[in-house]
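Enquirer: Handing you this structure, nothing more for now.
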């Protein structure tokens with residue numbers, strides 16, 4: 001589905017820019033959303049529009065009504081023990097309390113995003129925050145962003161813990177206690193912002209030259225029309241909805257699940273602690289590198305539609321937190337060896353993910369004039385021609401982690417994803433949805449990215465794949 005923290009990235013590449021105008025034309029020719037829709041793309045989009053919301057509903061309901069068994073509701077329906085109406089009638093409805101909670105939450109994140117300039121970059125060495133420039137859009141626009149996600153995360157969590165330990169304005173189990181009513185609120189926002197973005201693209205786009213219309217309503221609604229829809233100068237739909245409210249909420253949701261486990265069983269299991277810690281590290285990494293996120297495909301190439309709007313509001317917070325939800329219903333106390341193994345796998349996966357991306361960033365910033373693992377990096381000189389006939393030169397790194405596999409950052413990501421699942425034991429399949437989903441998602445991204453690179457670099461890409469023959473797993477794939 002939509003946004004994931006390890007958002008799609010091109011191979012480790014350094015490029016010589018000739019001028020902004022030509023770079024814009026190059027990006028128009030090589031990247032971006034489709035102009036025309038083939039039948040397979042349309043079928044895929046219709047499938048997602050129809051079934052993605054049902055998938056989220058199904059996973060949440062099997063936890064609430066079937067103790068996290070993925071098969072029991074299907075068996076009930078097939079044997080006639082229950083009808084769909086029985087399951088639906090047992091589902092909590094939208095409540096006024098949930099609507100107030102969700103409205104206050106989103107409003108609070110808007111305030112943190114728009115009205116409190118970043119101060120973290122002034123005292124945290126190495127952190128890049130404040131006003132930063134994004135990449136050049138196809139229309140030649142360079143948007144500016146207020147990078148303050150880390151600050152928003154810190155303020156939010158300081159207030160959360162202050163409430164839990166001092167003020168007691170609300171119970172720390174408030175998210176779990178309203179989980180399904182909040183799902184309806186998240187859906188309302190997801191559909192509302194996606195629909196608004198489409199209408200805005202037609203009638204009052206931020207930049208008309210950065211819009212794409214295929215003439216197919218479903219594709220345009222799903223994949224978006226506007227490249228960077230904004231309200232005013234600073235409210236950027238992509239940056240806000242990807243990072244706030246969804247990802248800031250991720251760690252709060254896990255904390256609420258831990259609080260519910262404490263309330264129900266009198267303790268927080270080591271598996272719940274592992275899920276909170278490992279996913280918390282991942283979320284913090286995203287906000288620490290939020291300025292770097294401006295250079296990823298989500299911001300640089302994807303348009304804003306239902307795929308990002310609804311996905312960030314619903315899919316991300318509800319399905320990326322399944323491990324914590326499962327552990328509320330099935331508390332698992334791991335043996336020491338199992339717990340240490342999960343922790344080591346998660347930390348190793350994060351190390352690979354972070355260091356692989358660091359090597360790529362260093363290589364790009366220095367155009368290869370750096371040292372990777374104590375040596376000058378190896379690379380392949382590539383060239384490509386933009387739509388206006390201008391020739392460009394690039395360097396694709398073939399050493400360091402990028403010499404092991406062409407998308408080794410995804411390998412680290414998958415290791416971390418597997419660690420989250422293994423923390424939940426082996427009693428049910430539900431916690432393992434995440435690793436299955438991430439494997440499909442990242443494999444598809446590898447293939448999609450490489451198709452673009454093959455079209456872009458031609459024979460030079462074949463030289464690169466010969467030098468680095470594996471995509472994700474050295475010696476295997």
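Note that Cβ sites are derived from N, Cα and C of the backbone, with glycine treated the same way.
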Enquirer: Can you say which of 12-32, 117-137, 264-284 is given as transmembrane segment in TrEMBL?
Expert: 264-284
Enquirer: To which of the residue ranges 94-116, 209-231 does TrEMBL assign the term transmembrane segment?
Expert: 94-116
Enquirer: Under TrEMBL, which of the candidate ranges 182-203, 358-379 is annotated transmembrane segment?
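Expert: Of the candidate stretches, TrEMBL labels 182-203 as transmembrane segment.
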Enquirer: Among 239-257, 391-409, indicate the range for which TrEMBL gives the feature transmembrane segment.
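Expert: Here TrEMBL associates transmembrane segment with the stretch 239-257.
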Enquirer: So are the transmembrane segment (182-203) and the transmembrane segment (94-116) touching or not, going by 3+ C-beta pairs under 8 A with a sequence gap of 6 or more?
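Expert: They are in contact.
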Enquirer: Return the stretch with the most CB pairs under 8 A relative to the transmembrane segment (417-442), choosing among 94-116, 239-257, 264-284, 304-322.
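Expert: Result: 264-284.
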Enquirer: So, taking each listed stretch (94-116, 239-257, 264-284, 334-353) in turn and counting its Cβ pairs to the transmembrane segment (304-322) that are under 8 angstroms, which one gives the highest count?
Expert: 239-257
